[in-house]
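Noted in Swiss-Prot for the protein shown:
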DOMAIN    55-84  domain '4Fe-4S ferredoxin-type 1'
BINDING   Cys64, Cys67, Cys70, Cys114  [4Fe-4S] cluster 1 binding site
BINDING   Cys74, Cys104, Cys107, Cys110  [4Fe-4S] cluster 2 binding site
DOMAIN    95-124  domain '4Fe-4S ferredoxin-type 2'
Amino acid sequence: MFPMVTEFMNYGQQTVRAARYIGQGFMITLSHANRLPVTIQYPYEKLITSERFRGRIHFEFDKCIACEVCVRVCPIDLPVVDWKLETDIRKKRLLNYSIDFGICIFCGNCVEYCPTNCLSMTEEYELSTYDRHELNYNQIALGRLPMSIMDDYTIRTIFNLPEIKT
């Protein structure tokens, strides 16, 4: 008879614990009911991305020393660096640099470990194309700065919440 009492007590404790977990989940659901909707009309309204947003990579050709650190730290060995050794000055001369954004996972390791800071992350996230080969950017395409959202008069930017003026 004693084991039956302990099983009944365990059943009661498990029931109370389950009810508490369901209640906690329900309270979280109810707390979200007070929030305002965050849906935006995307092509016409855009959110301002954070400073640490990992968008398209910007490349500065003049700063690059062709050390290939970016290739070594990339988990998928993505950046393609073509260089030529100048024997008279015993330095590498960069010929071509390209990144295929169809394969890139935007981890940011290349930007973080670059010794000359020739790579940086931009806020550009609209990289969609109809042909995947257009996502292979060479040094010229990587060197272009993205058009700022703030300067485009056709797009209304959404900050946090609209302020009510009294």
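Cβ atoms here come from the backbone N, Cα and C positions, even for glycine.
Known features from Swiss-Prot, placed on the structure.
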residue	record	DSSP (3 states)
Cys64	[4Fe-4S] cluster 1 binding site	coil
Cys70	[4Fe-4S] cluster 1 binding site	helix
Cys104	[4Fe-4S] cluster 2 binding site	coil
Cys110	[4Fe-4S] cluster 2 binding site	helix
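Rounded to a whole number, the distance between the Cα atoms of Cys110 ([4Fe-4S] cluster 2 binding site) and Cys64 ([4Fe-4S] cluster 1 binding site) is 12 Å. Closest to Cys114 ([4Fe-4S] cluster 1 binding site) by Cα-Cα distance, out of the binding-site residues Cys74, Cys104, Cys107, is Cys74. Ranking the binding-site residues Cys64, Cys70, Cys74, Cys104, Cys107 by the number of CB atoms within 10 A of their own CB puts Cys70 at the top. Other Cβ atoms within 10 Å of the Cβ of Cys110 ([4Fe-4S] cluster 2 binding site) number 22 in total over all chains.
Between the alpha carbons (Cα) of Cys110 ([4Fe-4S] cluster 2 binding site) and Cys70 ([4Fe-4S] cluster 1 binding site) lies a span of roughly 4 Å. Highlighted in sequence order, Ile65, Ala66, Glu68, Val69, Val81, Cys110, Pro115, Thr116, Cys118, Leu119 have their Cβ within 8 Å of the centre of the Cβ atoms of Cys64, Cys67, Cys70, Cys114, the residues recorded for [4Fe-4S] cluster 1, and are not part of that set.
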